[in-house]
């Protein structure tokens, strides 16, 4: 199916696009677009692991402000900008080199579905977890992450139903806010997040309120409106309501299971291992959404229940019933390793299959030799 995306965001159209159009001119024509996409993703990962190294349990900013060196925050601003730029020019570069392909589209959106959570998890180090005076609680972090992922899911669910990806306004805004936040932290120090900013509210509170407002009042209604418009124009991809709602079943069940674990965990797993738990949330979500993206691209029907839901349900049941006892953290670590490995393996396999099917290399513009 032909890829179509619509971007109506003024920030994107008037400010960012002219910048990307200048940057794209310096990219050599022999570079494969997927290489740009992947480089951006690698930068996000490197940045995430760097911050994790200095601040594993999200307490550095709140308890010992100098613990994360200034250069790390400046490096974060730099990598975030680069990843944002690379993610914005990969499609333009594909059109420029006439190498647009479904493989490229899947590669881009698949990595985005994972990067989305990693951006959020890196940012939590800036505001740090609640220490009684400042910071956000691990539960707020979990809700915050869920809302961001819900937004991501909505735009792809919308594309599954309408065939058009309406780029969410929140994307460009969130990237600019992230880069500014890292720069601010690097220049002024993490203390800037720990002083009330407006009417006794902290900047982090304002950002959380903005995010929730943006999602629930702007993005979600816009998604429903676009689907409704397609319904009126009779351009919907799916005949029945059941088929239209099908891709939402697994993500919603995933959210329910994870929330049950968070709320009923006897060892309070989220407070003990926020970084592991939230990473696992991001990976499982990304895999579930990748399947939806593939169905939407290949016009096939998504399965009702994603296979991750079964081991997860077992683990959650064992945890909340007290069966795991003291081993809950170890089991979380094992489950996280399992889903991360499964997700990477899945990505590699799908990439290989598509690369053979379309007779193209993933990271090179040379054509494959026909067997």
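Cβ coordinates come from backbone N, Cα and C, glycine included.
TrEMBL annotations:
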type     : residues : note
TRANSMEM : 26-50    : transmembrane segment
TRANSMEM : 70-86    : transmembrane segment
TRANSMEM : 136-154  : transmembrane segment
TRANSMEM : 199-220  : transmembrane segment
TRANSMEM : 241-264  : transmembrane segment
TRANSMEM : 276-294  : transmembrane segment
TRANSMEM : 306-324  : transmembrane segment
TRANSMEM : 330-348  : transmembrane segment
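Counting Cβ pairs closer than 8 Å and at least 6 residues apart in sequence, the transmembrane segment (330-348) and the transmembrane segment (241-264) reach fewer than three and form no contact. Sequence-distant contacts of the transmembrane segment (26-50), counting only residues of its own chain at least 6 positions beyond either end whose CB sits under 8 Å from a CB of the stretch, comprise 72, 75-76, 79-80, 82-87, 89-91, 93-94, 96-97, 99-100, 103-104, 107-108, 111, 114-115, 118-119, 121-122, 361-365. The stretch with the most CB contacts under 8 Å to the transmembrane segment (199-220), chosen from 70-86, 136-154, 241-264, 276-294, 306-324, is 136-154.
Packing against the transmembrane segment (241-264) from elsewhere in the chain are residues 139, 142, 146, 150, 153, 156-157, 160-161, 227, 270, 277, 281, 284-285, 288-289, 291-292, 295-296, 301-306, 308-309, 312-313, 315-316, 319-320: each is 6 or more residues past its ends and has a CB under 8 Å from a CB in it. For the transmembrane segment (136-154), the residues of the chain that approach it from at least six positions outside its boundaries are 58, 112-113, 116-117, 120-121, 124, 127-130, 168, 170, 174, 204, 208, 211-212, 215, 219-220, 223, 248, 251, 255, 262, 270-271, 274, 277-278, 281-282, 285, 289, 292, judged by C-beta separation under 8 angstroms.
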